[in-house]
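Engineer: These came from Swiss-Prot, pasted as-is:
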type: BINDING; residues: 155, 156, 157, 158, 159, 160, 161, 162; note: ATP binding site
């Protein structure tokens with residue numbers, strides 16, 4: 001076993017000297033196991049740089065409090081490896097793949113995969129573009145997700161990012177029998193705890209593996225925890241042929257953690273103080289998230305935008321990789337429209353006639369045109385009232401309000417709060433429902449009948465009850 005000694009400690013960055021000229025490889029995991037009067041210490045470092053002939057610079061995966069120079073360090077001879085397979089479902093892990101829930105240790109012989117690996121080879125990639133049906137009307141109609149695609153989820157605090165994530169996990173599990181992996185990267189521990197309990201209550205946890213590296217942890221853990229989650233997802237894709245959902249909350253914290261250690265590793269900062277390797281690190285992570293001939297990983301990434309500045313290097317680098325964006329809007333929550341997805345700001349490169357078909361594309365564009373015209377007319381309505389509008393514009397407003405309400409629906413995972421049964425709406429029902437509204441087939445039904453329903457048949461039922 002190759003052993004070295006700690007020579008320098010700079011917060012989360014630790015230098016280790018190896019005698020005999022046998023240096024551990026880049027990305028190898030080094031461990032410290034020792035006991036002293038302050039208790040036992042069990043640390044893992046990852047090799048980041050080689051300094052000269054006998055010293056490596058490493059990044060710690062947990063706090064270095066109590067570590068002293070001269071401490072003996074062992075080279076494990078391999079990268080950090082984490083458990084993979086069905087044994088991970090329903091469990092919660094840290095960056096090293098240790099179980100941190102209260103359900104006991106994993107079996108000793110559990111299969112482990114290294115967190116660093118190459119993106120799939122070019123010839124393994126799947127070229128066919130396939131839509132991932134979510135059962136959520138506003139997403140499927142206006143900003144559809146692609147299997148193996150990357151989706152950015154934008155929204156402030158309390159607008160429903162977590163509930164939307166839970167519903168997606170639920171629908172993929174129930175309708176497609178799919179598996180989800182949730183990576184909590186640098187977010188609040190309280191939110192992770194709440195999510196775990198909510199998912200346990202709704203029964204979704206049985207089809208989900210969860211990995212956390214939260215705000216209070218050192219940057220090494222926050223930077224690598226996304227790779228831990230991704231490695232678990234890759235196993236389900238490559239070994240079991242699954243279509244996996246990978247949730248990363250929040251992708252900005254991955255970049256932020258990299259920038260924290262970058263200067264300590266001796267790199268010159270680049271724009272806005274970010275690490276010079278920002279685009280490379282992001283690319284290495286994102287390129288592994290893709291569809292292959294065996295299965296797919298579809299990634300939904302919450303994106304925090306610092307100071308709402310979309311030109312900041314961190315969100316700007318993320319955008320380059322996204323196939324679709326789902327924007328959540330507080331204004332819609334205030335109107336009681338859930339999910340509060342902004343139908344005009346959300347985009348998808350899959351919304352083209354070649355991918356979704358001519359009818360779907362036409363209906364989606366007409367819905368957006370109607371809503372856009374309604375938005376333009378709102379100032380006139382606020383100042384002069386509805387009576388000043390032309391008959392044509394009155395009809396636009398009339399239909400736009402019905403469309404706006406019909407874009408809302410009840411979620412399965414929110415049943416315990418709302419008391420209303422959740423609904424999963426197939427894409428073809430969604431398209432035909434909106435097409436009929438645009439054609440004026442339901443102009444005579446009260447607009448409240450369209451609120452928080454599934455398919456168009458529920459609207460007709462509601463209207464009958466209201467008119468009875």
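Including glycine, each Cβ sits where the backbone N, Cα and C put it.
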Engineer: For residue 155 (ATP binding site), which residues in the same chain are close in space, meaning a Cβ under 8 Å from its Cβ, but six or more apart along the sequence?
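Structural biologist: Listed in sequence order: 161, 302, 327, 328, 329, 340.
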Engineer: Taking 8 Å from the centroid of the Cβ atoms of 155, 156, 157, 158, 159, 160, 161, 162 as the cut-off, which other residues in that chain fall inside it around the ATP site?
Structural biologist: 328
Engineer: Relative to the Cβ of residue 157 (ATP binding site), which residues of the same chain, six or more apart in sequence, are found under 8 Å away?
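Structural biologist: Within the chain, residue 157 (ATP binding site) has no Cβ neighbours under 8 Å at 6 or more residues' separation.
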Engineer: Sort out the sequence-distant neighbours of residue 162 (ATP binding site) for me: same chain, 6+ apart, CB within less than 8 Å of its CB, listed by position.
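Structural biologist: Within the chain, residue 162 (ATP binding site) has Cβ neighbours under 8 Å at 191, 194, 195, 198.
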Engineer: Hey, of the binding-site residues listed (156, 158, 160), which one tops the CB count within 10 A?
Structural biologist: 160
Engineer: Name, in the order they occur in the sequence, the residues of the same chain whose CB lies under 8 A from the CB of residue 159 (ATP binding site) and which sit 6 or more residues away.
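Structural biologist: In sequence order, the residues whose Cβ lies under 8 Å from that of residue 159 (ATP binding site) (at least 6 apart) are 328, 329, 330, 333, 340.
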